[in-house]
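Participant: My structure is below; once you've seen it, I'll send some questions.
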Amino acid sequence: MNRFKRLFVLALTTICLSLLGHAYILYRFFKDGLLFTGPNDGIEQMVPIQMFLYRKWSEGAFFYATDFGLGGDFFTDLSYYFSTNILFMINASFIWLFAQFNALQTNDVMFWMTNALVVSIIKSALIIIVTFLYARYLKLNHVTAMLFAFLFATSPIYYRFTVYWPFFSDVFILLPLLFLSIERYLKSGKIGLFMIVTALTFINNFYFAYYQVLAGLIYFTIRILWRHHYDIVQRFRSVWTLLVAAILGVGMSLFMFFHGARSFFNNKRIPFNSEIPMLESLNHNTNIFFDNYLIVVLFITVQALLTFKLYRYFYFRLFAILSILAIISSFLPYVDHIFNGFSAPQKRWHYLLAFSTSGLIALYVHYFLSLTKRTYILTSIPSMLIIIVSAILYKTFVIWLLWVPIVFIVGLVVLVLKHTQNRPNHLFTSCYSISIAVLMLLVSTVFTKNQIFHEDHESRANQDYIHKSLYNTPLQNELVNDMKQSKNTDERIDWRVNEQDNTPMYQNFKGLSLYSSIFDQELINLYYDHLMINLKEESVSRYQSTGGRANIASLLSVRYQMLKSYQDNLPDYFKLVRKSGQYRIYENEQMLPAVRVTNQYYDARELHTPIDREHAMIDGVILNHEGHPYQKTVKNLLKDTQVKAVNANWNGHQSIHIKKFTNSGITLHIPKPLQKKYDDFYVTLFVKRGAPDSNSTITVNGYQNHRLFNDSKYKTGQHHLLYRTKPNQNGDIHINLSPSGTYQFELKGLYGEDYQTLKQADKRKLYTYRESHSKINIQLRDHSKGIAVINIPYRDGMKATVDGKSAPVKKVNYFMTGVPVNSNDKTIEISYRPPFFFLMIMLSLLSAFIGYLFRRWIFQNK
């Protein structure tokens, strides 16, 4: 068979096996409309981000967008997801190509849901191919090499990764390639593949590059401790050579990897300080040999590990060691902690367990005919006992249990008949391999049914749900499009579908909410510290809306806010302009211009409360270490109010015990003169849940703020909170804390807002604003000398020209962009490119050139 035919047969085989692995998923997709995209991160993060990136790339914007949440560098901030993801870039390129012929509806959410399933099938086929090539390099025969590949590609953890975080499962391709490149170097002295794989790994995802570094170190350490008789590279030489090659590989990736790493260091999360147990308790959730929520290790793994006779074979021993290490580590939370960058323990490294056990089973089958019936039977007993006892203890029956004795019987029959004349050995091996492959297929199908297509998935991740009012409807899109037509380019719409913070991404409008694991820390500081905008649902991965504060809505250029009929917390001075079904559209009557020139400079160091910062931003501009103190500070009214505990007891000055009553908490009574003077009040307080630790809810006059328990990995760590509210008919502001228990609690301030600053602000729009290809063009009309304050987030890397001449760009108002202008300046143009962008390209090219020379030198001197 010539090379072309072999490649064709391999490709056809892998596609067929991939389709077989997705058979149950395809069946549920076509029969029940179930999506292979998870109901939480899948449809709320992954699909919207893919839609957003594709749209931006199609528009010729590659770095900065003002509709990326509040705006920012989406190339850098989304590198954790898809902006540097090689498979997604290839996928998007093919989609764009077909879209040119009007063959695809790329604005349809359902298209991207379907695309996720298609990509998963193709990705699974690629996993089978690269794993097969690695196994063949280890001298496994075609049958056992394909068994290895199929077991790995159909491991339950592959489906779990792909349905929730599809970029996670890219490591299923990169891991076999990494190990293949190490093997290739040790046996042939060829280092080129290792450098390429290293570069691809660091380009693709900076987060999983760290996982791959640890995996490569473990594999390489074992390989140099026990050398293969075909290895031609000495130990010391292999260490320094691979180290240099790894550095060059990382160097080649810098044009992408550097910016991904920057996003990580620009992010801001609280350190993980919770206690980590030494061992996992053994239960249904941690038993990796039975119906586990994450991965199921086939019983044959235990059988193989107990077959000591096979340890004399090098690669069997290698994979036995890897499997033993992985199995033990799965019960050690500290390993999860190390792999997750010493942060909250996460079991994302278990793809290594899937790989090592798949390889072990394949090698076991490869040498299977050398076993005696006695050895086979004796090793089968404890391995099958594990799953039988587990089923009894957990009182759980799974259908694949019925196939276990069939696998055992097939193996026993093969050993009985192995000496039969005129029966080729590969036929026996094939029969046993097929029985194991069927077992894995059954295990993965049951896993998918129980752990992926569970009740919540069936109710929310389906084709009907994504066209309902809880996610995306034609009416919602119609209303959004109408608002877009009625507003200017520089203005925003405050709207999200319930808790879908990425609604602006998939309904394609300039909003002010975002759901992402990585944010620029300046926006985090803005929300948590400078303005203390309350997040209704606490999460370190989200920001949204304005907390119902009119000043902030106007400062952020919110023209419209759309709410469902049962929703509230609308800022003052938003009037109802349209009703349609359950939707209400409100228009801001106090719009501030998104671009204005001011010569009133206020020093950030002299501003100490969010309300003063709001007023200073409206009256002028806040600068770092420049300007003068803001004079019109707002008085703390806390001493002018009566504070009393309701169904609660103070435990000292900063602690309160909440009793088990409906309205337990603190009530502030506002005197009538203050009620008449002010439209709104800002209440600032410190709250932290005490014992017993749990999720909690802070309700301020009906507004509910849901807070996470103290050890939650998604907790913001923000305990100084601000609530905008109005007194009730009795003149009270009631702060209800639930559930009962102890809270650290301290009232910090009460500030009145009469909105005179906002009402008196200059609202003239003395400019025109245009965006195109990540460039912003502003034409100024009559103005004085000062700083042009532009309502877009500042990022390092911004460039500005004023009337064609280069001009400095400043960060103003904590996060906005400022450009100094003279009174006769007319045109401002702002562009953005990530810092050190061209330098990183040059370093990558230089690393590639040095890598080429290094590869030649190594090969010539091997």
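Cβ atoms are placed via backbone N, Cα and C, with glycine included.
Here TrEMBL flags 78-99, 111-137, 157-178, 185-203, 209-226, 238-258, 288-308, 315-334, 349-369, 376-394, 400-417, 429-447 (among others) as transmembrane segment.
Neighbours and distances for these, please.
Facilitator: Same-chain neighbours of the transmembrane segment (111-137): 10-11, 14-15, 17-19, 21-22, 25-26, 29, 35-37, 42-43, 46-47, 50-51, 87, 91, 95, 104-105, 144-146, 148-150, 152-154, 158, 162, 166, 169-170, 172-173, 176-177, 179-180, 183-184, 358-359, 362, 463, 466, counting only residues six or more beyond its ends whose CB sits under 8 Å from a CB of the stretch.
Residues 25, 36-38, 40-42, 46, 81-82, 85-88, 116, 119-120, 123-124, 126-127, 130-131, 133-134, 193-194, 197-198, 200-201, 204-205, 208, 211-212, 215-216, 219, 294-295, 348, 350-355, 444, 447-448, 451-452 of the same chain lie 6 or more positions beyond the ends of the transmembrane segment (157-178) yet place their CB under 8 Å from a CB of it.
Remote same-chain residues near the transmembrane segment (209-226) are listed as 171, 174-175, 178-179, 182-183, 186, 201-202, 235, 238-239, 242, 257, 314, 317-318, 321-322, 325, 338-339, 341, 348-349, 352 (criterion: CB distance under 8 Å, separation of at least six residues from the stretch ends).
Here the transmembrane segment (238-258) has Cβ contacts under 8 Å with residues 79, 84, 182, 185-186, 191, 194-203, 206, 209, 220, 224, 836-837, 840-841, 843-844, 846-848, 850-851, 854, 858 of the same chain, all six or more residues outside its ends.
Listed by sequence, the residues of this chain that lie at least six past the ends of the transmembrane segment (288-308) yet keep a Cβ under 8 A from its Cβ atoms are 151, 155-157, 160, 316, 320, 323-324, 327, 330, 347, 350, 353-354, 357, 360-361, 363-364, 371, 375, 378-380, 382-384, 386-387, 390-391, 394, 396, 398, 404, 407, 436, 439-440, 443, 446-447, 450-451.
Below 8 angstroms of C-beta separation, residues 138, 218-219, 222-223, 226, 276-280, 282, 286, 288, 297, 301, 304-305, 345, 347, 349-350, 352-353, 355-357, 359-360, 363-364, 367 of the same chain, each at least six residues beyond the ends of the transmembrane segment (315-334), sit close to that stretch.
Beyond its flanks by at least six residues, the transmembrane segment (349-369) meets 131, 135, 140-141, 143-145, 147-148, 151-152, 155, 157-158, 161, 169, 171-172, 175-176, 211, 214-215, 218, 288, 294-295, 297-298, 300-301, 303-305, 307, 310, 313, 315-316, 319-320, 322-323, 325-327, 329-330, 335-336, 339, 411, 414-415, 418, 425, 428-429, 432-433, 436 of its own chain at Cβ-Cβ distances under 8 Å.
Long-range neighbours of the transmembrane segment (376-394) within the same chain, counting only residues 6 or more positions beyond its ends whose Cβ lies under 8 Å from a Cβ of the stretch, are 284, 287, 289-291, 299-304, 306-307, 401, 404-405, 408, 411-412, 415.
A Cβ distance under 8 Å defines the sequence-distant neighbours of the transmembrane segment (400-417), meaning residues of its chain 6+ beyond its ends; these are 299-300, 368-369, 371-373, 376-377, 380, 384, 387-388, 391, 423, 428-429, 431-432, 435-436, 438-439, 442-443, 446.
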Participant: Do any residues, 6 or more residues outside the transmembrane segment (185-203), come within under 8 Å Cβ-to-Cβ of it, and if so which ones?
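Facilitator: For the transmembrane segment (185-203), the sequence-distant neighbours (Cβ-Cβ under 8 Å, at least 6 residues beyond its ends) are 84, 86, 174, 177-178, 209, 212, 223, 228, 230-233, 238, 241-242, 245-246, 248-250, 252-253, 256-257, 851, 854-855, 858-859, 862.
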